[in-house]
Amino acid sequence: MVLLPLRCLFWGSLLTTVYPEPRTACREKQYLVDSQCCNMCPPGEKLVNDCLHTIDTECTRCQTGEFLDTWNAERHCHQHKYCDPNLGLHVEKEGTSETDTTCTCDEGLHCTNAACESCTMHSLCPPGLGVKQIATGISDTICDPCPIGFFSNVSSALEKCHPWTSCETKGLVKVQAGTNKTDVICGPQPRLRALVVVPIIMGILLVVLLVSACIRKVVKKPENKVMYQDPVEDLEEFPMPPHSIAPVQETLHGCQPVTQEDGKESRISVQERV
């Protein structure tokens with residue numbers, strides 16, 4: 001009875017030695033072929049032949065324009081990425097047998113996804129928002145609202161929020177408060193404002209007076225010319241009639257008019273004198 005368990009143990013160990021269990025897993029950087037672990041090909045190389053009991057795995061280098069970037073058992077290499085200029089792409093870094101080509105977008109554009117297969121325009125931050133992070137070839141613009149004390153009045157992919165103007169540092173007073181879209185408006189202090197406004201008003205009044213004086217001087221010239229015209233010229237323009245040289249004298253005689261004839265002396269009788 002004691003020998004039976006010993007016999008079972010003996011035959012079990014013998015069968016295990018003759019018929020070993022097939023492998024189901026291999027070490028890192030190995031792959032399983034027909035229950036045998038073969039070494040993988042390194043990056044930049046592809047598989048040509050699997051290993052045998054006494055022969056190691058056969059690999060060969062990827063051709064130009066191809067690559068494999070990991071340890072592998074691939075029989076074909078991958079083609080390098082093509083950076084299509086029609087999509088706004090250009091080569092940022094040339095590919096090798098171990099790495100793929102890196103594409104990036106032209107200026108003002110960024111990739112639409114992680115693979116950078118196409119490009120799109122950078123976003124603009126509208127008024128009230130400033131640029132927190134400038135866009136790159138692989139990322140879009142990041143905008144941030146302008147906090148209190150700052151403003152942005154343009155749409156831009158570069159401009160950050162600007163601080164409000166400090167009126168006090170300029171010796172001015174605040175006329176209008178700022179917002180996230182507009183700057184503070186400054187103005188002169190009341191006393192300074194008067195010193196500025198009064199000379200301006202005086203200057204305007206002086207100009208008005210000078211203009212008025214010039215206008216009056218121009219208007220008076222023709223009037224003076226008429227008032228002091230040469231009398232000889234008037235006579236030439238308007239000659240006197242011939243009978244007006246020696247007008248007929250008239251006297252009264254007994255309340256009756258007496259006409260003095262031309263060429264005779266005028267005499268009055270004694271009675272008339274009395």
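Just so it is clear, glycine is given a Cβ too, placed from its N, Cα and C backbone atoms.
Matching Swiss-Prot disulfide entries to the candidates Cys116, Cys119, Cys125 identifies the partner of Cys105 as Cys119. Disulfide annotation in Swiss-Prot: Cys125 is bonded to Cys143, selected among Cys111, Cys143, Cys146. Of the listed cysteines (Cys77, Cys103), only Cys103 is recorded by Swiss-Prot as the disulfide partner of Cys83. Among the glycosylation sites Asn153, Asn180, the residue whose Cβ has the fewest other Cβ atoms within 10 Å is Asn153.
Cys38 (disulfide bond) sits 8 Å from Cys26 (disulfide bond), taking the C-alpha atoms as the reference points.
Cβ neighbour count for Cys26 (disulfide bond) (all protein chains, 10 Å cutoff from its Cβ): 15. The most densely surrounded of the disulfide-bonded residues Cys37, Cys83, Cys111 is Cys111 (count of other Cβ atoms within 10 A of its Cβ).
Of all the disulfide-bonded residues listed here (Cys26, Cys62, Cys105, Cys119), Cys62 has the Cα closest to the Cα of Cys41 (disulfide bond).
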